[in-house]
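What TrEMBL annotates here:
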- A:22-236: domain 'Tr-type G' (DOMAIN)
- A:G31, A:S32, A:V33, A:D34, A:D35, A:G36, A:K37, A:S38, A:D110, A:T111, A:P112, A:G113, A:H114: GTP binding site (BINDING)
- A:G465, A:L466, A:S467, A:G468, A:A469, A:G470, A:K471, A:S472: ATP binding site (BINDING)
- A:S539: active site, phosphoserine intermediate (ACT_SITE)
Amino acid sequence: MNAAASTTTARAPDSPAAQEEQSLLRFFTCGSVDDGKSTLIGRLLYDTRLILEDQFAALERDSARHGTTGGDIDFALLLDGLEAEREQGITIDVAYRHFATNRRRFIVADTPGHEEYTRNMATGASTADLAVVLVDARQGILTQTRRHAFIASLLGVRHVVLAVNKVDLVDFAQATFDAIAHEFHSFAKDFCFETIVEIPMSARYGDNVTTSSDRTPWYSGPTLLEHLETVPVTERDGPFRLPVQFVSRPNADFRGYAGQIAAGRIAVGDAIVAARSGRTSTVRSIVTADGNLQSASAGQAVTVVLSDEIDVSRGDILAAPAERPHRADQFMAHVIWFSPEPMLPGRSYVLRTEVDSVGATVTALKYQIDINNFSHEAAKSLHMNEVGVCNVSTQAPVVFDSYRENRSTGNFVLIDRFTNATVGAGMIDYPLHRAANIQWQALDIDRNARATLKHQRPAVIWLTGLSGAGKSTIANTLEKLLHAGGRHTYVLDGDNVRHGLNRDLGFTAEDRVENIRRIAEVARLMADAGLIVIVSAISPFGSERRMARDLFDPGDFVEVFVDTPLEECVRRDPKGLYRKALAGELTNFTGVDSPYERPETPELHLRTGGHDPAELAGQIEAYLLRR
Amino acid sequence: MSLTHLQRLEAEAIHVFREVAASFAKPVMLYSIGKDSSVMLRLAMKAFYPAKPPFPLLHVDTTWKFREMIAFRDRTAAELGLDLLVHVNKDGLEQRINPFTHGPGIHTHVMKTLALRQALDKFGFDAAFGGARRDEEKARAKERIFSFRTAQHAWDPKNQRPEMWKTYNTRVAPGESIRVFPLSNWTELDVWQYILKEEIPIVPLYFAAKRPVVRRDGQLIVVDDSRMTLADGERIEERLVRFRTLGCYPLTAAIESDAATVPDIVREMLTARTSERQGRLIDTDEVGSMERKKREGYF
């Protein structure tokens, strides 16, 4: 071990009281694979004497077995806690470690360098105040360096340390260090970081990590630890915001709104507004288990009781009346995509803010941002690890701030409706006022009035299944049956609609999503007019069928799975399309080179084998009568 | 006013508790009677005040816990007026699974991991709070605060959901569940300082006292009942010991210490040179044993 790291002053303070009062810095390490991120944290923990004896014994055992440092202690093994990580010698997921010195406490997130695991890097960055961006002095700035610096800036990380690592391997050359620092500054100048501090270091040998190195005499700046201990991290603050987690009603006499204050301060007697409804009231009391408070401020978890009974529920924000959050159902946002399944404009996702959850679609992908030169490029979909700027439309209005103003009330994640995976993360830029300026026109004659006149309950019968499964035949038979029974009906046929309304759409995944969205909206209008609508469309994706379902009241949407085996559809091939698709003359054909996601819980599951269309249509009619 | 370190940790944990209560149909708190569970319970009481926590406590009893732990458990639940569910793996009991004849690995798997899975299935809980901290062990350092489990209770560490900000993905399909760790960002020292500040009652086994111990494989084992038989050359001696962590008594080693109060313990912590899990005999089997246990459904 090198002399540079042999002494250290960093230690946990002896007095418990002093420890408790210390400030906390959350930071993370990032950069490309093998730039030494885990090694650096291991070195910090070791030099601040945070590695305990039994942990060090385990580290020695691990180093002998999995180490990549040829007999020396491999600090990365302190962090790479998963078996797969130790076997492959890479970091897959973010690890959180704690350490403390006399001046400050730290939670450090060690994030993975592989592009594949960008979602885990973003996870570590989303809660951090500072980023340590590592660069291998021999390699210089790489694509991942740019990507991580960019994502850090997007997520609102304000401070950056550029750690030019492995300077021992470039003979401690100042020119190499200066060139890397210059290149970093030139592309990061537009990233709005408050501070960028570059430090030459060797994580493996400890140069300039916790002690100044005599091998870089040309460097007079702070060591990494000195900088981490002193960089100012005052909380960003703004007007009062309390995102409401739930309404506490333990008995008839108490009604309080529980949440963690996201910004600002309130005191008893202050006026507040419930952002969703715009109704105002004043603070009667601020309740905590440790007694009522006269005032409370950002970061505190409290329960607020108001003077008036106004409508407030989970997802709302109690706010300062003079500076209210936005309330809108359309906004523009930066989105990072995490899922191997690309983001498709028009597809319905669950949008989750800190306290609210609502159906949402990306209505337009305005552009994608190229990580290499940060230019804006037109794109039809967003793939894994890409960043884009989108217009988002929600099914109900949400209340929010811009992410720049408030990291808590300006963020959201997107969740896949079927797998429940977190597929993307968003930072809201601003509301789109298109939504604000188009008010709903309230009409006196409503859906019930129209339906009553027709003596029927409107519904949408949604027939889904492979091409050639028999959907159109069943739809036609069913309509004849219903018509004969005096019902007012209409058939929306997937093929016919493509001749008119959807003439501009092709068969890519993006266009298929839009095709179904339009059919669903037209079906909704017709049901609103009082009709029983029969939709016949392959509608291969579960997400879009779910989006269609969500447009209707429960019970009014009847999903019918017309289940005919693929071999049978190919045999029938009524339009000769399977022959073409199998010959490769037709692409994106469902069942051949494009997937069909089988409905999991349709209202009706029609296995067509051995039944004629009249019998199947009869089953649907019977279901409608039973409703 | 800027919050102190402990106030920040407290507020973060309260936020987590409230998110779970608001988003899940049937949450439960895994209550293991140790210091971390005691802190977690205090935080839950605070989170819902003036109401009570809207979920029961669940203790998975291996039948090998210290007697003082069981007494403390029953007293705590009664004093706070909380529902306490106790589950024992009856199959394991019938097969007389125990740490002495079957070894720590099988005992823990059958009486703890399988028992926990049985209990979660039996009651149909969709979210379960646990007191695990990231500073305990390096597989835990990798875990999310909201950690997804399949319908088979398995953890897939290579494919965890991204966890951005404190915007938690609380969605699960029927049968699936989330393990929730409100103390993720606490250290052992934080736990003790919070116990000190809040005057939280804990099992007396944490405080030094003269106890009957046997030295076995270099560790001090307290003889809690007559089920422990002595090997040749072993003898029971009285020593001034305490515990840094509590579990099944044959698997939890005591340390020699004279720390008899919480302030004593905090002072001892500040100069400690070994980690608390050193006293956990099941962790030292081999590298990666915690991850393997967690993948199988262990907390």
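Yeah, the Cβs are placed from backbone N, Cα and C, and that goes for glycine too.
TrEMBL: automatically predicted annotations, no manual curation.
Candidate binding-site residues: A:G31, A:P112, A:G465, A:G468, A:G470. Fewest other C-beta atoms within 10 angstroms, A:G468. In the three-state DSSP classification, A:D110 (GTP binding site) falls within a strand.
Fewest other C-beta atoms within 10 angstroms, among the binding-site residues A:K37, A:H114, A:K471, are seen around A:H114. DSSP gives A:V33 (GTP binding site) a coil state; it is part of no helix or strand. The 10 Å shell around the Cβ of A:D110 (GTP binding site) contains 28 further Cβ atoms across the protein chains shown. Here A:K37 (GTP binding site) is compared against the recorded positions A:A469, A:G470, A:S539, and the shortest C-alpha distance is to A:S539. For A:S467 (ATP binding site), the nearest of the binding-site residues by C-alpha distance turns out to be A:V33; the candidates were A:V33, A:D35, A:D110. Taking a C-beta cut-off of under 8 Å and a sequence gap of six or more, A:V33 (GTP binding site) has these contacts in its own chain: A:I90, A:G113, A:H114, A:Q144. With A:G31, A:S32, A:V33, A:D34, A:D35, A:G36, A:K37, A:S38, A:D110, A:T111, A:P112, A:G113, A:H114 listed as the residues that bind GTP, the site has a largest C-alpha separation of 13 Å.
Note on the recorded positions A:S467, A:S472, A:S539: the fewest other CB atoms within 10 A surround the CB of A:S472. DSSP assigns A:S467 (ATP binding site) to coil in the three-state reduction, placing it in neither a helix nor a strand. Apart from the site residues A:G465, A:L466, A:S467, A:G468, A:A469, A:G470, A:K471, A:S472, the chain places the Cβ of A:I538, A:V562, A:T564, A:C569 no farther than 8 Å from the centroid of the site's Cβ atoms, the recorded ATP location. Cα proximity to A:S539 (active site, phosphoserine intermediate) (within 10 Å) is found for none of the binding-site residues A:D35, A:G468, A:A469, A:K471, A:S472. Mean pLDDT, taken over the domain 'Tr-type G' (A:22-236), works out to 87 on the 0 to 100 scale. Spatially close to A:D35 (GTP binding site) yet at least six residues away along the chain are A:G113, A:L134, A:V135, A:D136, A:Q139, A:N165, A:K166, judged by Cβ distances under 8 angstroms. Of all Cβ atoms in the protein chains displayed, 24 besides its own lie within 10 Å of the Cβ of A:L466 (ATP binding site). Within 8 Å of the centroid defined by the CB atoms of A:G31, A:S32, A:V33, A:D34, A:D35, A:G36, A:K37, A:S38, A:D110, A:T111, A:P112, A:G113, A:H114, the record's GTP site, lie the Cβ atoms of A:T29, A:C30, A:T91, A:L134, A:Q144, excluding the listed residues themselves.
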